[in-house]
Amino acid sequence: MSGSFRARRPASPPLGLAHAHPPPPQQNHSQRFPQRREDHLDADERREMASLGFGPRGRARTIAPGGLSLTIGEWRLLLVVVVIAAGVRMFRLSRPNSVVFDEVHFGKFASKYIKTRYYVDVHPPLAKLLITLAAFVSGYDGNFDFKDIGKVYENVPYVAMRMVPATLGVAVIPLTYLTLRALECRATTALLGSLFITFENGLITQSRHILLDSPLIFFTALTTFLWVGFTNEDRHKPFTEQWWLWLTLTGLSLGAVVSCKWVGLFTIATVGFATLHQLWTLLGDLRVTPRLFMKHFMARALCLIVVPILFYMAMFEIHFLILENSGDGDGFMSSEFQHTLGGRGMQDTFADVAIGSTVTIRHVNTQGGYLHSHAHNFPTGSKQQQITLYPHRDANNNWLIINATSDNGDPSYDPEIGPLEYIRPFAQIKLQHLATDKRLHSHDFRPPVSDVDFQNEVSAYGAPGFAGDANDNWIVEIEGGDRRDRESWKRLRTLRTHFRLRHTLQGCYLFSHKIKLPEWGFEQQEVTCNKNAVKANSLWYIETNTHPKLDDNAQKVNYRLPGFLSKFLELQAVMWRTNAGLTDRHIFDSRPTSWPRLRRGINFWVKDHRQIYLVGNPVVWWLSTLAVLAYAGVRGLLILRAQRGFRDFNNSKVVKYDALCGFLFMGWALHYFPFYLMSRQLFLHHYFPALYFAILLSCACFDLLTSSFRPRVRFYIAAVLLVVAIWTFAHFSPLAYGSPWTKAQCEKAKWLKTWDFSW
C-alpha cells in the first residue's frame, strides 16, 4: 500500500438523516497496545464520532439553536440588508392612491369583515384577517366599496392596509439569509440570496398592494427556515426542548401558510416528503428501536399534522365569529348554514303540509334558491310570466297548494271548509302564485336560455277567476325524508321531505341549474321542466308553511342549526367548488409553461402614461430557472454514472450539495408542477412560491461552484451578479412603482415581445 494513502472521511449525512448516540469504544487489545484506555478513540473513530455530532472523547458538542451560528458582523450586515429591503418595498407606498388590481376583492373583503357581513371567497381567511386588523386599528369604517380598479380611495387607510403585505415582504429577506446559513451555505451566498429577493421586481410589486401573495410567500419562507432549523436539531440530538420548539413552530407555520392560500398545501407536501425521508432513514437504522421509531413518528404526526389542522380550523372559527350577519355570501351556503347568520333566522313553521297550505319552496341543490315569480314576462317563447329561482326572501316566493284532481281546483275553493288533506306520494296539485294569482305552468315551448328539445319552458299562467288547464298540474314524487321523522317519508313535511314535481302531460320534472337569465330576467336563476332531469337538480323542499286550519298547538319545525365542524366542512366544499369553477379566461392569465421563462406579466394599474405591471427581475428569474435545469441535468448524470460504477456519492461534498439542492429542487417542483393539473384561471403570481425555492437553489449552486475559490474571489463574483441584478431592478422599477417614464424607456424595457405593457 502506498505511503501517501489517506482514508476518505465518511460522507456527511444529508439533511434529515438519522443521528445516533456515540457507540461505546471497541475493546480491541493487541500485543502492541495491551492496555488501551477505555476513553481512547483512534483517528477513524474520532471521524465517525464527529460525523454524528460528538466532540473529543465522545462528548456531545453544543450547537447554536437550529444550527445557526452567526457572528456579530453577520447580524449587523443582515440589519443593513433589512433596512435596504424596507426602503425598496415601502418606497412611495401611498402611490397610486386608487384601487390596484385585486385590491378590488381583498379590500372589499376587509370591508365585509368590519361590517360583519358574511361573504364567500376561494381563499382561507388568515391573510385577509391580517389586512382587516390593520384597517380596523387605523379606524376604517368599512364604507368604501372597492368597486373598480382605478377608483380613488376616500376615507380608507389604504397605506396601513398595504403595509401588512409590505412588512411581510420585507421579513422574507432575513428569512432567506438565515435559511441559507442554516443549510450550511457561506455568508456570501446567504447575502447574495437575500439581495436577490430584495431586488426581485415581481415580489416587490406583489408586496406593495392589498394582496395575499406576500403573506403566502412569507409563511412559505418561514416554514422552510423552521424546518431546516428542526432538521439541524434533529441531526444533533432529538427530543430536547429546542427540538420540540423547532418542530412545533414548523407545524404552526404550516398551518399559517395553508390558512393564507391553498397553495400552502404544496409547502405541506414539501415538508411531508422531507419527513418521510427522515422516517425512512430512521427505519433503516438498526440502532433505532421500534419504540424509539414510533416516538419519532408520533412526534412528527402531532406537530406536522395535528397542529396545522388545528391552526387552520382556528382561523375559520375566527372567520365565523366575525362574519356573524347575513351578507352577499349567503346564497353559496345551505339553508341550515344561512340560518346561523344574523338576519336570517326563521320562526318555527307548521310541519304538516296540506291542500290549502301557503308555502315557500326551495331548491335543494343550487344554493337553495326560492321558487319565484314576478309580474314580468318572457320576451320569447310563450311570453307568459317569468318563473325563476331567487336567493332571497320575498313575498313573490309564496305559493298556494291546490288539489288538481277535485273541485278544489276551482279558484273559489276555501281551504277552511272540509277536512285537512295531507299531500301524499303521487298527489296531483296546482301551485298558485299568490301575488299575481297565476299558476305554475309548463308546455311545449323551449326555454329562452336552455333552448334544447328535452327542456320545456316553465311560466306562470292564468288570470283572476280562471280555473286553469291541465298544463298547471304537477305530480308530487317523494324522494326522501328525515330519518328522525318517519312521517316525512309518507307525506309532505316542511323542511323534512325532499320531493320532485313531475308535469302530468309533458312528463318532465321541475328543474333548475346554475344558468342565469339575462338582464330582462334580473339575472335570476333559470327554472325549466326537464325530461332528462338530473335528480339532484330536480329536488325541492318546503321551507315555510301556513294553513288556516292549523292552530298554535299543531306540530312545528325549524332548521337544525349546524355546529362549527359542520359549517367548517361545508365551507371547504363550497370553496373547492367555487375555485374549480374559475375557468373563464382572463386577459392577463397565463399557463405554467410560460412562468419559468417569464414570458408574460399582469397589468395591475394604468393611468396617465404610468403603469404598474407585474413582471419579475429577468436576471434573478432566469438564473433561478437555469439553476433548476442545471440541478436536474447534473443529478441525472450522477445517476447514470452511479449505474456505470462510478462512486461519486462516496464524496462527502457531493452528498452534502445533493441533499441541499435536492431539498430545494423538491420544493420548487412541488410548488410548480401541480398547476399543470388545474384548468382554472392561472396567473404569473401563482409561480412565486416556486420562484422562492428556485432562487434559493440558484444560491446553493453558486455556493457549490465557488466552494473551491478564495473568499475574496467568491465575493467579487457575487458582487458582479448583484450589480447586474440591481441594474435590472432599476431598469424595470417604473413598472413596480407606477412611476412616470418616457415612451423610449418603455420600448427599451420590452425585452420580450410577449411583455404586453405599454406607454
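Just so it is clear, glycine is given a Cβ too, placed from its N, Cα and C backbone atoms.
Database features (TrEMBL):
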| type | residues | note |
| --- | --- | --- |
| DOMAIN | 350-404 | domain 'MIR' |
| DOMAIN | 420-479 | domain 'MIR' |
| DOMAIN | 489-545 | domain 'MIR' |
| REGION | 1-38 | region 'Disordered' |
| TRANSMEM | 75-91 | transmembrane segment |
| TRANSMEM | 160-180 | transmembrane segment |
| TRANSMEM | 210-231 | transmembrane segment |
| TRANSMEM | 243-276 | transmembrane segment |
| TRANSMEM | 297-316 | transmembrane segment |
| TRANSMEM | 619-638 | transmembrane segment |
| TRANSMEM | 659-678 | transmembrane segment |
| TRANSMEM | 684-706 | transmembrane segment |
| TRANSMEM | 713-732 | transmembrane segment |
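Same-chain residues lying 6 or more positions outside the transmembrane segment (75-91) and placing a CB less than 8 Å from one of its CB atoms are 163, 166, 169-170, 173-174, 177-178, 187, 191, 194-195, 197-199, 204, 207-208, 737. Only residues 6 or more beyond the boundaries of the transmembrane segment (684-706), in the same chain, are considered here, and those with a CB under 8 A from a CB of the stretch are 172, 176, 179-180, 183, 185-186, 188-190, 192-193, 196-197, 200, 202-203, 206, 211, 213, 216-217, 220-221, 224, 263, 266-267, 590, 592, 595-596, 598, 600-602, 614-616, 620-621, 623-628, 630-631, 657, 660-661, 664-665, 667-669, 671-672, 675, 713-714, 717-718, 721. The transmembrane segment (210-231) and the transmembrane segment (619-638) are not in contact, since fewer than 3 Cβ pairs between them lie under 8 Å (pairs 6 or more apart in sequence). If you take every residue in the domain 'MIR' (489-545) and average the pLDDT, you get 92. No contact links the transmembrane segment (659-678) to the transmembrane segment (713-732), because fewer than 3 Cβ pairs that are 6 or more residues apart lie under 8 A. Across the domain 'MIR' (420-479), DSSP classifies residues as 3 helix, 25 strand, 32 coil. Remote same-chain residues near the transmembrane segment (160-180) are listed as 68, 78, 81-82, 85-86, 89-90, 93, 107, 110, 127, 130-131, 133-135, 137-138, 140, 189-191, 193-194, 196-198, 203-204, 206-215, 217-218, 221-222, 224-225, 228, 692, 695-696, 699-700, 703 (criterion: CB distance under 8 Å, separation of at least six residues from the stretch ends).
In terms of DSSP secondary structure, the domain 'MIR' (350-404) contains 3 helix, 29 strand, 23 coil.
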